[in-house]
Amino acid sequence: MYATRTCPTKFFDFDQNPSVVLSSDQFQSVEHFDNSVCRIHFKTNLGILVVIRNFFLFSHRRPKNSKGITVQESNGQLFLSQRRPLEQQYFFSDIDVEIPKNLNFRSTVVITDARLNCSKEGAAWKSCGRDVCIPVAAFCDGIENCADGFDERNCEEINLGNDAHNCLSPFSVIFRPFSSSLYMLIGFFLLNAFFVAFFIVLAICSLGFCYSRKFYQGQLRRSRRTFIRYLRSAHKQVEDQAQLPETILTRPQIFDYLATQFSARRDP
């Protein structure tokens, strides 16, 4: 593998290492603010599997490079990344990978030695899905060489002894979707969002308390009026039911013994 003079010179041999990882973080340049790209050539005997992952959340790199990641096969076939979160393509011959400098989003390109028709391959190759085989050494190495991450499933332990993945990119930043500054930025936004949500909830509770108090007072007045009307109507009904006939209300003639004795003494 060779690179142009504007890119870091690295060497890679599929005969010794199963795959290599390119990270857009390795192609950030403060000297080149134009749409410059870095072209890297990969030589293969039978096939190459290319998996591209793009991470767009909190993209903050400037300036923005209008070009995208492209992979051109030696026979002229051109694969242009559509900047989807996950892209996979198999190539049958040598390829040239072009990575633009100063991308305003994070991207990783995993290039793995691959074969088709897994049934014809030996024990040194395992299926990666879609009839694509990759070397057994690429399984459980901490890097998702397969698009669906099939090579990293059900791994009891991760083999980090292979230095092939450190060829062009530090292993610690290969598959991290965000850099440390992005994690700090995300934490800052989450903290601010928490405070904003807290004050919004507090304001809603305050408004709700004020309106509920007014509503309760209004309901209380209406309840009092209703209760008073009920008492008045009930009192009237009781009075209507308590009225007695006039014959009963007439005062009866009661014999008054004292009055009779007094009148008898006055009239001898």
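Quick reminder: no glycine exception, Cβ is built from N, Cα and C everywhere.
According to TrEMBL, C146 forms a disulfide bond with C128, chosen from C118, C128, C133, C167. Each of C133, C155 is a candidate, yet TrEMBL gives the disulfide link of C140 to C155. C155 (disulfide bond) carries neither a helix nor a strand DSSP state and counts as coil. Cβ neighbour density within 10 Å is lowest for C140 among the disulfide-bonded residues C128, C140, C146.
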